[in-house]
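Heads up: the structure comes next, in structure tokens.
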Amino acid sequence: MVAQYTVPVGKAANEHETAPRRNYQCREKPLVRPPNTKCSTVYEFVLECFQKNKNSNAMGWRDVKEIHEESKSVMKKVDGKETSVEKKWMYYELSHYHYNSFDQLTDIMHEIGRGLVKIGLKPNDDDKLHLYAATSHKWMKMFLGAQSQGIPVVTAYDTLGEKGLIHSLVQTGSKAIFTDNSLLPSLIKPVQAAQDVKYIIHFDSISSEDRRQSGKIYQSAHDAINRIKEVRPDIKTFSFDDILKLGKESCNEIDVHPPGKDDLCCIMYTSGSTGEPKGVVLKHSNVVAGVGGASLNVLKFVGNTDRVICFLPLAHIFELVFELLSFYWGACIGYATVKTLTSSSVRNCQGDLQEFKPTIMVGVAAVWETVRKGILNQIDNLPFLTKKIFWTAYNTKLNMQRLHIPGGGALGNLVFKKIRTATGGQLRYLLNGGSPISRDAQEFITNLICPMLIGYGLTETCASTTILDPANFELGVAGDLTGCVTVKLVDVEELGYFAKNNQGEVWITGANVTPEYYKNEEETSQALTSDGWFKTGDIGEWEANGHLKIIDRKKNLVKTMNGEYIALEKLESVYRSNEYVANICVYADQSKTKPVGIIVPNHAPLTKLAKKLGIMEQKDSSINIENYLEDAKLIKAVYSDLLKTGKDQGLVGIELLAGIVFFDGEWTPQNGFVTSAQKLKRKDILNAVKDKVDAVYSSS
């Protein structure tokens, strides 16, 4: 009999739905808080965690000692002529990690909370603190401080953009903003529109003694503050340290003001990949339930000896819940950035991975694909014999594991040691969330580094829907339901998904589910049923063992000319695994039969291919590959390889690309082609290369 990781609870309401299911450990009732806790608010939760782990390290961070700028001249085609263009790269020089214990963090939380009240924020649902900053220890400390005084937090990605930021500030009537010094210039227009803002708290003190980048960092922040005060002379500005100092000085004057379970904890603004960002309302009871549900799936596998590296945006619910989970485990958080993870991207110091030596790491598909391709590039540069030994060991290990032959897990540990050392050498688990990853990428990284678990959730469900339990490890599934949710699948007739086939739109209910979108009745009524089911817009499928598998999103299913649907995210996860692809956006014109791939190329392997085809000279640098992205011979070769990738991974017919176009440049939150959660902004990407896409369709 097949083991069942979820169980039905009651019968299907009608023939158009599956029976609702829960994690088998929560058959009787779903969790509303983490096991072995008594908390009902985020403040009570962290107090329990901090008191239990007192003297252990809670979090670590690195200071930026200097930012080094390096320039290189590269040849680039401009108006058809080869021209020398200067490109600049920024490299960070960082300190070693500094640490706070859980005891110290308790004091800091209360001091920040008192400091916020001292400057003028009132402990209630009306005065809100806007967190508009990159992930850091100070972001989390501001969040915790606000919780200690019952002050709701509003989160906005540091790359949300001016329009989105203004929308979130005005809609919530936020009274204070915490931000990075580098983001101060971007507040000049928003604070003119958002007249409720009275206080700005910036990450670092602004001092002329700061000589980093020859004083540019200081000067930029100093000038921005002056500009802000010109347009809003009533706004008061403070540094993080100012708030901390005010809190220390008022410890006998201001009491803690704990929130209630039904009070507002935070409003999290979605990244707005389409349309205006929506504010997801999360009460304290929602967040506590979300953390509790997720904790059930990995409770036996993590603990207070683990070291968790964190670099995803804290404005993303996935990262926030994961860091709160780390407190529950008693693990130590190490703050990092995508730019400084590896030693190749820093100067005069080690990268974050080698410096911190994490045991657990969370990322999104784009991060893992970059890791995988970086490893493949290293392998490709090995001597022939070493390369052969590597692939022999890898394929033998893979086959032994697939056939369940004992010893497969340990095979190749010596061969793969160098790769593991580059990630700190101590990783035990990786977790992917936020977007689908190809089965091949999951299997590859699992076998070279450590098991990659898959998580699935949404801001509206407080990130908590599924996490693959390490004891039930399986490739290609979203995994076990968390302990707080009840899930059913509902017919999507127009797309051909029916509950009778164990497929349909994923509907979720539980104490973790948002009660509403902030001041948005229309969106709320569309997403939530009157009896509390949240309609995710994702298409799911129940596996025979009760695992949930996510097939795609309703909005990313496109009907082609012949009446059949293709799943864009599914195709992207497959084609993204190709060695020549750094990122891909699949576009399907509804008047055509097949889609087109818009590709950000992976420079190193593409350069090798161009040299092999005689398109580039052997002495040419990979930087120069940008000059050959419209070469017909190169495009044809990559297109052929992509078709092979698709066929090898089971794609057929209309799922195979009609053609490809190369995109000259990266897709980053800064240039507006992806969100901070690395979700594609499809319309913007298409508009940038529309002529090329039209040309592909015309010739196919």
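Even glycines carry a Cβ here, placed using N, Cα and C.
Your range for motif 'FACS', going by Swiss-Prot and the list 481-530, 531-580, 581-630, is 531-580. Swiss-Prot lists region 'Disordered' for one of the ranges 1-21, 400-420, 631-651, namely 1-21. According to DSSP, the motif 'FACS' (531-580) comprises 11 helix, 21 strand, 18 coil. Calculated from their C-alpha atoms, the gap between Pro277 (ATP binding site) and Lys189 (ubiquitin cross-link) amounts to 18 Å.
In the region 'Disordered' (1-21), helix, strand and coil residues by DSSP number 0 helix, 5 strand, 16 coil.
Sequence-distant contacts of the region 'Disordered' (1-21) (same chain, six or more residues past either end, CB-CB distance under 8 Å): 27, 469, 472, 480-481, 486-491, 498-500, 502, 504, 507, 509, 542, 544-548. Recorded residues Tyr269 (ATP binding site) and Lys189 (ubiquitin cross-link) have their alpha carbons 19 Å apart, per Cα-Cα distance.
With a cut-off of 8 Å between CB atoms and residues at least 6 apart in sequence, the same chain places Glu162, Ile166 near Lys189 (ubiquitin cross-link), listed in sequence order.
Fewest Cβ neighbours within 10 Å among the binding-site residues Pro277, Gly279: this applies to Pro277.
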